[in-house]
C-alpha cells in the first residue's frame with residue numbers, strides 16, 4: 001500500500017493558471033509529493049458547492065486535509081468556497097483588501113482577465129510575434145531580420161525554437177533564430193546575412209553530454225548525435241560567440257522560462273506584453 | 001503634463017513570472033494605469049539593496065508610493081527587501097508560514113524552480129510535445145495522429161496553431177491541428193484520415209467579422225479575406241461540427257490560455273505537466 005498523498009486543489013473562476021502558478025511556487029518549497037487537481041471555470045455558487053463536496057471527499061479518502069489555492073473573485077462564489085473544511089488560501093481575500101486601502105478605491109470584483117489580453121491589439125501583437133517566430137524558425141527565412149527584436153543563434157537542438165516561441169507568447173517579442181551550420185562553424189565566422197544584425201544576436205550553448213542525449217533521442221546512432229560531433233560543434237560555437245563578442249547563455253539546466261527571461265534581462269529587450 | 005502613474009515592481013530571485021502573474025491578476029481589479037517593471041534574478045543582498053534604492057527613486061519621481069510584489073525566497077534577500085518604503089506584498093512571507101504549520105515541516109527555503117521543470121524527463125515531454133505541435137501544424141503531417149491527445153480542427157486563422165503550442169508548452173499535451181479545406185467544407189464531411197480519430201477532434205470557430213479582420217491583416221483585399229468567403233467557411237465548419245457531433249468553442253473573445261484550458265476541461269484531456 002502506498003502512502004496517502006495530500007490533495008492540492010487549484011480553484012479558479014477562469015483558467016486556473018494564476019492559482020497553479022501561485023500554488024506551485026509554494027509547494028516546491030516542501031519535499032512532499034502532492035496529488036494536484038485544477039478546477040477551472042468555477043463561476044457559480046452551484047459549481048462552488050460541488051467543488052466543496054469534491055474536496056471534502058478527497059480529504060476523507062486520503063485522511064489528509066486537502067489544501068486549496070483559490071483565485072476566485074466573485075464574492076458569492078468565494079463565500080461558498082470559504083465553507084470548505086480544507087486549508088483554504090484565498091488569494092483575493094489576502095491581497096485585495098490591503099491593495100484597496102493603499103489605492104483608495106474599491107476593486108472592481110470583476111472576474112479576472114489577467115491571461116487573456118482580450119484587447120484585440122494585444123492579441124494581435126502576441127499572435128503576430130508567434131507567427132514571426134514560426135516563420136523565422138531554423139533560419140528558414142532570413143530576409144525579415146530587420147523586424148526581429150532578437151536573433152537566437154546556436155547549434156541544432158540547444159533550445160532556440162521553444163525559447164523564440166516563449167518570447168513571443170509571453171512577452172510579444174519578435175524572436176528569429178538562426179542555426180549555426182557546419183560551414184559557419186568550420187569558418188569560425190558569422191554568415192554574411194547575420195553580420196549586419198550582429199547587435200541583435202544572442203547565443204545559446206549547452207553541455208555536450210546533454211546535447212548528445214537530446215540528439216540521440218532524435219536520431220539514434222547518427223553522426224549528428226555522436227559525442228565527437230557534439231563536442232566539435234559546441235566548442236566551435238562557443239569560440240565563435242567569444243570571437244565575435246556575442247553574449248551567450250548555457251541552457252543545460254535552465255527551463256524555457258529561465259532562458260527567455262535571462263535573455264530579456266541581459267539583452268535589455270523591450271517587451272510588448274505585460 | 002500627464003498624470004503621474006504609480007509604479008509597480010515585480011521582484012524575484014528567479015524569472016519574475018510568478019510575481020507578475022500574482023500582481024497582474026490583482027491589478028486588473030483596479031481601473032488604474034500602472035507603470036510596470038519586472039526585476040528578475042535578485043539573488044543577493046547587494047542586488048536587493050540596489051532594487052530598494054531604485055524603488056525609492058521611482059516613488060520620489062512620481063510622488064506616489066510604489067507597489068512591490070515580491071516572490072523572493074532567500075531570507076537574507078527578503079530582509080533587505082523589507083526595508084523598502086514602498087507597499088510590499090511578500091508572497092513568501094504571506095503564505096509559507098501557514099503552509100509550514102499545516103504540513104508540519106519547515107520549507108526548504110531553496111530558490112523556487114516552479115517554472116522550469118529542470119527535471120530532464122519533464123523537460124523532454126515539454127519539448128517533445130512542442131516539436132509534435134510544430135510538425136503537425138496545419139495538417140502538414142497526418143500520419144502520426146495516433147500519438148495525438150487532441151486534434152484541433154477549424155478554418156484557417158481561428159487560433160489552432162497558438163492553442164496547440166500552448167497546450168504543449170504549459171501542459172505537455174500532444175496537440176495536432178487540421179485546417180478544414182475548401183473540399184472538406186463543400187462536402188460537409190470529415191476527410192477520411194480524420195474519421196478514425198474522430199473522438200480526438202475538437203473544433204474551433206470564430207465570429208465572421210473577427211475572422212475577416214484577421215485574414216485582411218494577412219492578405220488584404222483577397223478573396224480569402226472577403227466577408228463572403230469568411231461567412232461561408234464559418235457556417236459550413238459549424239454545420240460540419242454539429243453534423244459530426246464534434247464539440248467546438250468560439251475563440252473570438254478568448255485568450256490562448258482560455259481556449260486551451262477550456263478544451264482540456266471539456267475534452268477531459270490528461271495533462272503531463274504540473
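Glycine residues also receive a Cβ, built from the backbone N, Cα and C atoms like all the rest.
Note that the coordinates shown come from a computational prediction; the quantities given were computed from them, not determined experimentally.
According to TrEMBL, the features are:
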BINDING   B:154, B:155, B:156, B:157, B:158, B:159, B:160, B:161  ADP binding site
**OP:** Identify, in sequence order, the residues in the chain of residue B:161 (ADP binding site) that are 6 or more apart from it along the sequence and have a CB within less than 8 Å of its CB; answer 'none' if there are none.
**Re:** B:133, B:137, B:138, B:177
Original post:
What are the other residues, in sequence order, whose C-beta lies within 8 angstroms of the center of the C-beta atoms of B:154, B:155, B:156, B:157, B:158, B:159, B:160, B:161 at the ADP site?
Top reply: B:177, B:179, B:204, B:206
**OP:** Could you list the residues of the same chain, at least six apart in sequence, whose Cβ is under 8 A from the Cβ of residue B:157 (ADP binding site)?
**Re:** B:206, B:211, B:214, B:215, B:218
Original post:
Of B:155, B:158, B:160, B:161, listed here as binding-site residues, which sit with their C-beta under 8 angstroms from a C-beta of chain A?
Top reply: B:161
Original post:
Within the chain of residue B:156 (ADP binding site), which residues six or more apart in sequence place their C-beta under 8 angstroms from its C-beta?
Top reply: B:179, B:215, B:224, B:233
Subject >> List of residues, in chain order, with Cβ under 8 A from that of residue B:158 (ADP binding site) and at least 6 apart >> reply: B:204, B:205, B:206, B:211, B:251
